[in-house]
Amino acid sequence: MKFGIIRERKNPPDKRVVLSPSACLWIKEQFPEVELYVETSDIRVFKDRDYEEAGFPVTDKVSHCDILLGVKEVPVDALVPGKKYFFFSHTIKKQPYNRKLLQAVLEKNIELYDHEVITGRNGQRLVAFGRYAGIVGAYNGIRAYGLKSGLYDIPKAEMLPDRLALIEALEKTKLPDIKILLTGKGRVGSGVKEMLDGMGLKQVDCDTYLTRTFSYPVYCQIDVLEYNKRKDGTPASFQDFYENPQEYESDFMRFSRVTDLYIAGHFYGQGAPAIFTREDAVSPDFNIRVVADISCDIDGPVASTIRASTIADPVYGYDPQTGTETDFRQEGAIAVMAVDNLPCELPKDASEGFGEMFTEYVMPAFFNGDKDGILERARMTSKGHLTDRYAYLQDYVDGK
Ligand SMILES: NC(=O)c1ccc[n+]([C@@H]2O[C@H](COP(=O)([O-])OP(=O)(O)OC[C@H]3O[C@@H](n4cnc5c(N)ncnc54)[C@H](O)[C@@H]3O)[C@@H](O)[C@H]2O)c1
């Protein structure tokens, strides 16, 4: 079985890759029958020579391979007909900007496996960059707090080599006695927590966070049942929240009253209440002055996220009085960090972590007859058609 690691072709350039040289070595060790080829690239975080030195051929083309592995969307004219492809296609929510891509995948008789829908039997995603978004997002949030307050200035994450260097920079930062709130306990939330713990911040529980003052910085990590409550006052549960989100309202203002920096790392489900609205943000009870919105739903549950920001220019200002963008340094403005491709700032660690997950969870499926259905569930197209699981995308493909 021949696997090809393709060159990333999207702009702005993405340095990440599905398999690092060490992941390739690990695969070769476990599955000696695998042949791995690497398409030459001068933007990838691992250089061509890193793969060559590990014993993997680097070539101009990998179109002789059966299975092609990439990270971002492959431009239509670069898709090789008849192949099996793995990449993030960003089509499962019918994203209009990728309709042509899915149409081309079908026309070219490609079997598309989307990383986003590679799941275990329980529906849990098996390969994702979320942890790295959390790691970089936490760093960027604390950096944004320094820029907003004028108290310190630390380098951009992309200027530092890896996660440990980010933690080192944070450890050297003298944070004032602020309160940091984190929503979300999934992959992103755990990545953020890893950084806050790594820099030595003290975590406190909800009640302590809401009622006590401290002579050092603290953080509190909350989930849906803390920042939402049932409208009718009856007891809430996770299952009830996921099934009946319309029965809930936000209970976030009690946190916004005491929070200085808010890091959003939750998933936002359709129909759930806004966490804070534009009206909430003008309330005298709203004290947050820096928001690091890793979840980054535009015009979504975090009202100050009116657009995504970029790695080049990561922080903008939100004026709560007018609901419009402003200079983040302006008095009264909320500084917003809403970069939507955070893992790209840490391409080496993100690629190594992703490769480990891919090697552990996906590679065995090629050799065990896909006994756990991992490939089957992720296969979006076959023989020019959408598979049953993805048939809901037919109207999108048809341009309706
Ligand atoms: N900015 C970036 O670069 C970047 C990168 C990766 C992920 N993200 C975003 O971060 C968010 C969180 O991703 P994750 O991988 O941590 O997700 P996850 O599924 O691992 O965790 C989800 C968290 O949100 C909570 N949640 C609230 N409502 C939920 C609902 N209706 N369904 C499921 N969970 C719900 C869960 O309890 C959990 O704490 C997503 O919106 C994702 O798109 C952003």
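A Cβ is built for glycine as well, from the same backbone N, Cα and C atoms used for every other residue.
Curation does not apply to TrEMBL; its annotations are automatic.
Within the same chain, residues at least six positions away from Lys72 (active site, proton acceptor) with a Cβ under 8 Å of its Cβ are Glu8, Arg9, Lys10, Asp14, Phe87, Phe88. Here TrEMBL flags Lys72 as active site, proton acceptor.
His90 (active site, proton donor) carries neither a helix nor a strand DSSP state and counts as coil. The Cβ of His90 (active site, proton donor) lies under 8 Å from the Cβ of Glu73, Tyr97, Asn98, Glu116, each of these being in the same chain and 6 or more residues away along the sequence. Sequence annotations record features per position, and here TrEMBL assigns active site, proton donor to His90.
Following the DSSP three-state reduction, the secondary structure of Gly186 (NAD(+) binding site) is coil. Counting only residues at least six positions away in the same chain, the Cβ atoms of Gly130, Gly265, His266, Phe267 sit under 8 Å from the Cβ of Gly186 (NAD(+) binding site). Taken from TrEMBL, the feature NAD(+) binding site covers Gly186, Arg187, Asp223.
According to TrEMBL, the feature domain 'Alanine dehydrogenase/pyridine nucleotide transhydrogenase N-terminal' maps to 4-136.
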Recorded positions close to ligand 1 - of Lys72, His90, Arg187, Asp223, only those whose C-beta is under 6 Å away: Arg187, Asp223
Maximum Cα-Cα separation (Å), residues Gly186, Arg187, Asp223 listed as binding NAD(+): 13
Extra residues within 8 Å (Cβ to Cβ centroid of Gly186, Arg187, Asp223), NAD(+): Gly130, Gly184, Lys185, Val188, Gly189, Ser190, Gly265, His266, Phe267
Those residues of the chain, 6+ apart, with a Cβ under 8 Å from that of Asp223 (NAD(+) binding site): Thr183, Gly184, Lys185, His266
